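Some features that TrEMBL has for this protein:
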| type | residues | note |
| --- | --- | --- |
| SIGNAL | 1-24 | signal peptide |
| TRANSMEM | 48-68 | transmembrane segment |
| TRANSMEM | 80-105 | transmembrane segment |
| TRANSMEM | 125-148 | transmembrane segment |
| TRANSMEM | 268-288 | transmembrane segment |
| TRANSMEM | 300-320 | transmembrane segment |
| TRANSMEM | 340-359 | transmembrane segment |
Amino acid sequence: MGATNHTLQALLPWLLLFVQQAAAASGGCECTTATDGADKQGAMKLKLVAIASILTAGAAGVLVPVLGRSMAALRPDGDIFFAVKAFAAGVILATGMVHILPAAFDGLTSPCIHKGGGDRNGFPFAGLVAMSAAMATMVIDSLAAGYYRRSHFSKARPLDNIDMPGDEEGRADHPHMHAHGHSHGEAIVVSSPEEAAIADTIRHRVVSQVLELGILVHSVIIGVSLGASVRPSTIKPLVGALSFHQFFEGIGLGGCIVQANFKVRATIIMATFFSLTAPVGIVLGIAISSSYNVHSSTAFIIEGVFNSASAGILIYMSLVDLLATDFNNPKLQTNTKLQLMTHLALFLGAGMMSMLAIWA
């Protein structure tokens, strides 16, 4: 849980910087300054509706897997949970590929940044940032997993009085066992079920925390953008679309939290942060709406960079940490019916999330 606090503490200054810079960007490029359709009073009513709707949808989504683990059908080792995770992974993948990354490319190639109609032949900075974020996520994933594993074995193992099969020499080697049974030096080390379970829990904890990081960044950005808008015609379709968006993302994150076996306090904190981030972003957008210019060059650059990084994180997490892991699971590969069910759930989740791009 300490890693979660450190991650959030490191993230907050950057998010505040985004809000401050966006607010200060009003003196930049004025690409579309028309106020047609502007209605601040009507927009404010819709923003309040959006806060309530998105908050409820996000909380409901993340609580579905968390509360559902008490039901036999939705337990992490059940067939239905595999399908739910595949659906959620498809939602997260579509969020990164269809929603966020195109917006990042649009922002970083906007005519507001490249005067004279845009730099269509310019360097694809959005792709570079997304790639860098994905590689950075891989590094963080690896380092965090190593840290958790070393920390667990250095502290928990000396106090472990569980009798394991084998003689005393085999028990002495036990702290060096790991989940995959690779050979080290001349000795072949075979992992115990307990070691495999520990390694799996460590991986799920890292995955859930890094995934929440990517979702939080994205949620703040879309919240600020909605909160700063003064056109009811723009806000109205976003309310429903973003509510479904947060609900589906919540299911994905909730599934990871359940598999990570966090304590109740940590689970509540992570679920609360996810549920509140987009509504807080809307409140920040309302607060800076008088000075925030969504068409300024600085706003386009900041939003483009943050969107690119968020897309890279979510694409990596969905493909590597969620889909690749489950689809290579022996339980899935030896069950044709379960394979078909998870594949269908994956395409259904990605397809439904992609359709929301029509409105948001």
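Using the three backbone atoms N, Cα and C, a Cβ is placed for every residue, glycine included.
Note that the structure is a prediction, hence the values are computed from the model and not measured.
Highest Cβ pair count under 8 Å relative to the transmembrane segment (48-68), across stretches 125-148, 268-288, 300-320, 340-359: 268-288. Recorded stretches compared: 125-148, 268-288, 340-359; the one with the most Cβ pairs under 8 Å to the transmembrane segment (300-320) is 125-148.
Only residues 6 or more beyond the boundaries of the transmembrane segment (340-359), in the same chain, are considered here, and those with a CB under 8 A from a CB of the stretch are 79, 82-84, 86-91, 93-95, 98-99, 237-238, 240-241, 244-245, 248, 323, 326-327, 332. Residues 3, 101, 104-105, 107-109, 202-203, 205-207, 209-210, 214, 304-305, 307-313, 315-317, 320-321 of the same chain lie 6 or more positions beyond the ends of the transmembrane segment (125-148) yet place their CB under 8 Å from a CB of it. Long-range contacts of the transmembrane segment (268-288) within the same chain: residues 1, 4, 8, 19, 22-23, 44, 47, 50-51, 54-55, 58-59, 62-63, 66, 208-209, 212, 215-216, 219-229, 242, 246, 249-250, 253-254, 257, 262, each at least 6 residues beyond the stretch ends and with a Cβ under 8 Å from a Cβ of the stretch.
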